[in-house]
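To start, the structure under review is shown below, and the notes come after it.
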């Protein structure tokens, strides 16, 4: 636009004229920059003033969120900055990297601009997105004057960025000597570490800043300080090939053999580094150990071999490196060089006497590794030094096996021409052809078969090369070649599978089409391999249809169904291919099978389930839709499995709401019951799937259907603590005009169950219903249920809502909740009941008090509360005239007996007899309670009392 032209031509008059012609002063270019950005960039104060007075937005942001102030500062234009600040430009504006104008000033040496900005800032330590302050930027750029200015205005000298790096790290790394000095003189820490433990010395050493390195060492910093990985400054300098620094560090006494966390010494790094020749000389000349091993057993020579540092390897060898040193895997440097294909290095190693027939990892030769990685020049080099080419590794694999697996034709031909045995089998019974087939290497396959390799050899698992090709060959080229060369697709492995099975399991449609074009698949499946199956008691192997359906390979399935006409073939458990496809949710496979006429309502042998059950159970709504719309009779939607379960029940059980709605829309019976009398609603109540329960209730499911134990869905929801479902059921009960107090076969109501399992929210919801305020159902009341399971919260809710009278309710054996709490030693519940005036001496039908129950069961905590706090009557006797003391002794509960004895003073009680005329002393003595006997005698028990014996 003409306005921008005028600005770039620095022509204020032209700018005025254009503004007078109503040219838009806030026009934006494609990067959202305005004319004011341009004027600020050029630093033209007069034009800036003109534009602002004509309505240009002072704080306009471009697409990097830079404002004109950022631009003016970057151009170091003080006048421009002053004008912008006069018109209240935002000094705290941040760009997309969260940098403020002060950051920009610090990076661009704009000292005068910074001086104008600082007085307007509340804080000079604002950090950008990487956590860096203006001081970091100034230090990084080496702007001494700027650093001085910032420090004088209160910049935090030890502020750290997101990686915990301080300004001194950056200045040291960049080698800004004067800045480092200034920072140190202002108290910067010289031994500070960043998140990875790097000190300023590490930083300077890594970038080769010798001046800073010397200065820091003169300050006395620790020269061997490790970082988080255990690397010292010497390691870092060696890694980056900073020989001048390395020399300085060594002369200052750095430890040349110090190892890091992985056991690498500086020499390891030098051997691997791109530019380490001089460092290597320095280290070796100063006593570095050339055979030092890392934690995984690698020497510097191994490192040179990994990275192919040819000249470095020569230097290490000349310095006395052991040529065949082994790492943890048993590999020598020659193995490593072969594995990574470093030909020159192999030359050097061999000419220095490396052993080409040395065994490494899994007993492999260097040649194995070169062949496996496909480096033919390296193979040639290794072969020329001569050794038995057919020697096997630990698994019986020769170098030819390795070449076939690696797939490099040159390596393979090289070995074949050397006379390698191409029918040699490894420990798994596999020939090189098996490996070439498994990796689908057409050229290697071609070369091996052309050399006369046997095509139908089987390995230990009974697999021929064709099996492996069928499993891995997507474009069927290799398979076609093997078939053309008389590979037999009918051979079955030890599990009874042939190539058709493998191609089906991996979904290789082209392979199947090829095999089928040679021999019809049904013939292949019938004839071959029957003899194998007769020897072993192998059950019918799975059909290719099952494999393709289970893995969802519908293209493969399309080929199979054309010639395998029995689509209802079954596995040992009775599953059909359709069943498996539905179970896994493979819609296209289900579609193919149904279209070809597979039976939908066949049941398996174990659970007597159909494909419809399988889809419903796993929530595959699309499959379900296909199955039901093709199933024929409308009753198919309610087909039963062996336990009388319908698809709807299984969908609800697993919480598949979409399937539930679909089945109901297809007329599924919401009230159907299984062999235990349970409906779909019972299942929703147990699993707590609210959406499913809602769907059932909306479609008229009855809340009061009882199962074989008389339990309704409401009982189950309360017992499982599903408050959402329980709420829906209570609401439905109200709508269906049914009272919510329904008893199961034992007379228990939902409230009993909620209390028994301690689901406080459910107890609360049930107690909101008036109907539950009358104590109905089994006389073993909800309160009994709560205390016997130690659910204090539920017990409290019951007492608060129903009043303290329920505390003394009795069950059919006249036992109170206090009996129940004492029997189970639930002290909190015991105290709660006693606090609400429970009768401490209530007796049950056998004349037992809560104390007797506790004593008889050795519930010491309960005994203590009842004896000490509740002052239970110790003289009471049960139907057999036993006191609590008799009962404690009779079951050998010593502690309980002693707790009771502590409170007994009355000699008559000590000598009280039961119906068998036994005193506590008789009982205690018979049960061998020595301490109790002593106590009894001490309290005056009669030794002369005689029992009925």
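The backbone N, Cα and C atoms fix where each Cβ goes, glycine too.
Caution: TrEMBL annotation is automatic and unverified by curators.
Within its own chain, the repeat 'ANK' (31-63) is flanked in space by residues 3-4, 7-8, 10, 12, 15-16, 19, 25, 69, 71-72, 74-77, 79-80, 82-84, 87-90, 93, 95, which lie at least six positions past its ends and keep a Cβ under 8 Å from the stretch. Look at TrEMBL and you will find 31-63 (among others) tagged as repeat 'ANK'.
For the repeat 'ANK' (130-162), the residues of the chain that approach it from at least six positions outside its boundaries are 97, 100, 102-103, 105-111, 114-115, 118, 124, 168, 170-171, 174, 176, 178-179, 182-183, 186-189, 192, 194, judged by C-beta separation under 8 angstroms. Look at TrEMBL and you will find 130-162 (among others) tagged as repeat 'ANK'.
Annotated repeat 'ANK' per TrEMBL: 229-261 (among others), in sequence order. Within the chain carrying the repeat 'ANK' (229-261), a Cβ under 8 angstroms from the stretch's Cβ atoms is held by residues 196-199, 201-202, 204-210, 213-214, 217, 223, 267, 269-270, 273-276, 278-279, 282-283, 286-289, 292, 294, all 6 or more beyond its ends.
Through the fold, the repeat 'ANK' (262-295) approaches residues 229-230, 232, 234-235, 237-243, 246-247, 250, 256, 301, 303-304, 306-307, 309, 311-313, 315-316, 319-322, 325, 327 of its own chain, all at least 6 residues removed from its boundaries and within a Cβ separation under 8 Å. Under the heading repeat 'ANK', TrEMBL lists 262-295 (among others).
Per DSSP, the secondary structure of the repeat 'ANK' (362-394) breaks down as 19 helix, 0 strand, 14 coil. For 362-394 (among others), the entry in TrEMBL reads repeat 'ANK'.
The helix, strand and coil residue counts that DSSP assigns across the repeat 'ANK' (395-427) are 17 helix, 0 strand, 16 coil. Here TrEMBL flags 395-427 (among others) as repeat 'ANK'.
Long-range Cβ contacts of the repeat 'ANK' (428-460) within its own chain (Cβ-Cβ under 8 Å, at least 6 residues beyond either end) map to 395-396, 398, 400-401, 403-405, 407, 409, 412-413, 416, 422, 466, 468-469, 471-474, 477-478, 481-482, 485-488, 491, 493. Taken from TrEMBL, the feature repeat 'ANK' applies to 428-460 (among others).
For the repeat 'ANK' (607-639), the list of distant contacts is 576, 578-587, 590-591, 594, 600-601, 645-648, 650-651, 653-656, 658-659, 662-663, 666-669, 672: same-chain residues at least six beyond its ends, Cβ to Cβ under 8 Å. As annotated by TrEMBL, repeat 'ANK' applies to 607-639 (among others).
Listed as Cβ neighbours of the repeat 'ANK' (643-675) (distance under 8 Å, sequence separation of 6 or more from its ends, same chain) are residues 607, 612-613, 615-621, 624-625, 628, 634, 637, 681, 683-684, 687, 689, 691-693, 695-696, 699-702, 705, 707. The feature repeat 'ANK' is assigned by TrEMBL to 643-675 (among others).
Counting only same-chain residues 6+ beyond the ends of the repeat 'ANK' (813-845), those with a CB under 8 A from a CB of the stretch are 781, 783-784, 786-788, 790-792, 795-796, 799, 804, 806-807, 851, 853-854, 857, 859-862, 865-866, 869-873, 876, 878. Residues or ranges marked as repeat 'ANK' in TrEMBL: 813-845 (among others).
Below 8 angstroms of C-beta separation, residues 813, 816, 818-819, 821-827, 830-831, 834, 840, 876-879, 882-885, 887-888, 890-893, 895-897, 899-900, 902-903 of the same chain, each at least six residues beyond the ends of the repeat 'ANK' (846-869), sit close to that stretch. The repeat 'ANK' annotation in TrEMBL covers 846-869 (among others).
Same-chain neighbours of the repeat 'ANK' (916-948): 880, 883, 885-886, 889-892, 894, 897-898, 901, 904-905, 907, 910, counting only residues six or more beyond its ends whose CB sits under 8 Å from a CB of the stretch. Per TrEMBL, repeat 'ANK' is recorded for 916-948 (among others).
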Counting only residues 6+ away from its ends, which parts of the chain sit with a Cβ under 8 Å from the repeat 'ANK' (362-394)?
332, 334-335, 337-343, 346-347, 350, 356, 400, 402-403, 405-408, 410-412, 414-415, 418-421, 424, 426
From the DSSP assignment alone, can you count helix, strand and coil residues within the repeat 'ANK' (846-869)?
17 helix, 0 strand, 7 coil
Please count the residues of the repeat 'ANK' (428-460) that DSSP assigns to helix (H, G, I), strand (E, B) and coil.
16 helix, 0 strand, 17 coil
